[in-house]
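Trainee: Attaching a single structure in structure tokens format; questions to follow.
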Amino acid sequence: MSTLKFCRECNNMLYPREDKETRTLLYACQTCEHEEIATDTCVYKRVIRKPGGEPKDVLKDAATDPSLPRTRSVRCYNCNHPEAAFFQVCTQAPTKGEQAMTLYFICCNPSCGHRWRD
């Protein structure tokens, strides 16, 4: 894991820099001339922890969003209403980083708001 590195000479933070001649990663001080070769090639790592399944930002009132397309070709499983709003989300498949598109529906009946995916 990448950690902050500090200069041995002046205690300022070291910043990653590429030595173009030797094609190596260095950490260099912007105040003095101190440089050191990086022992780890990871400069920055961002880990996003998001549970799988239905997106959390799908709200019950999303059916009233005028920007979402609507369809009358599906019926709500909960209340049998003939109209639903829909959208697609690109999700990470469990095998080798493949991505898949998931189609989500939201019932347009204001008293229902049932959500399901295709």
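Each residue, glycine too, has its Cβ placed from N, Cα and C.
Copied straight from TrEMBL:
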type: BINDING; residues: CYS7, CYS10, CYS29, CYS32; note: Zn(2+) 1 binding site
type: BINDING; residues: CYS76, CYS79, CYS107, CYS112; note: Zn(2+) 2 binding site
type: DOMAIN; residues: 72-117; note: domain 'TFIIS-type'
type: ZN_FING; residues: 7-32; note: zinc finger
Trainee: How many other Cβ atoms are found within 10 Å of the Cβ atom of CYS79 (Zn(2+) 2 binding site), counting all protein chains shown?
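Mentor: Around CYS79 (Zn(2+) 2 binding site), other Cβ atoms within 10 Å: 12.
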Trainee: Might you list, by sequence position, any residue in that chain lying six or more from CYS7 (Zn(2+) 1 binding site) with a Cβ less than 8 Å away from its Cβ?
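Mentor: Sequence-distant Cβ neighbours: MET13, LEU14, CYS29, THR31, CYS32, HIS34.
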Trainee: If one measures from the C-alpha of CYS112 (Zn(2+) 2 binding site) to the C-alpha of CYS10 (Zn(2+) 1 binding site), what distance in angstrom results, rounded to a whole number?
Mentor: 64
Trainee: Give the distance between the Cα atoms of CYS107 (Zn(2+) 2 binding site) and CYS10 (Zn(2+) 1 binding site), rounded to the nearest whole Å.
Mentor: 63
Trainee: Centre the Cβ atoms of CYS7, CYS10, CYS29, CYS32, go out 8 Å, and tell me which other residues of that chain have a Cβ in range of the Zn(2+) 1 site.
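Mentor: Counting only non-site residues, the set is ARG8, GLU9, ASN11, ASN12, LEU14, GLN30, THR31, GLU33, HIS34.
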Trainee: Calculate the distance in Å between the alpha carbons (Cα) of CYS10 (Zn(2+) 1 binding site) and CYS76 (Zn(2+) 2 binding site), and round it to a whole number.
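Mentor: Cα to Cα, CYS10 (Zn(2+) 1 binding site) and CYS76 (Zn(2+) 2 binding site) are separated by 67 Å.
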Trainee: Suppose the Zn(2+) 2 site is CYS76, CYS79, CYS107, CYS112. Which further residues of the same chain have a Cβ inside 8 angstroms of that site's Cβ centroid?
Mentor: TYR77, ASN78, ASN80, HIS81, ALA84, CYS108, ASN109, SER111, GLY113, HIS114
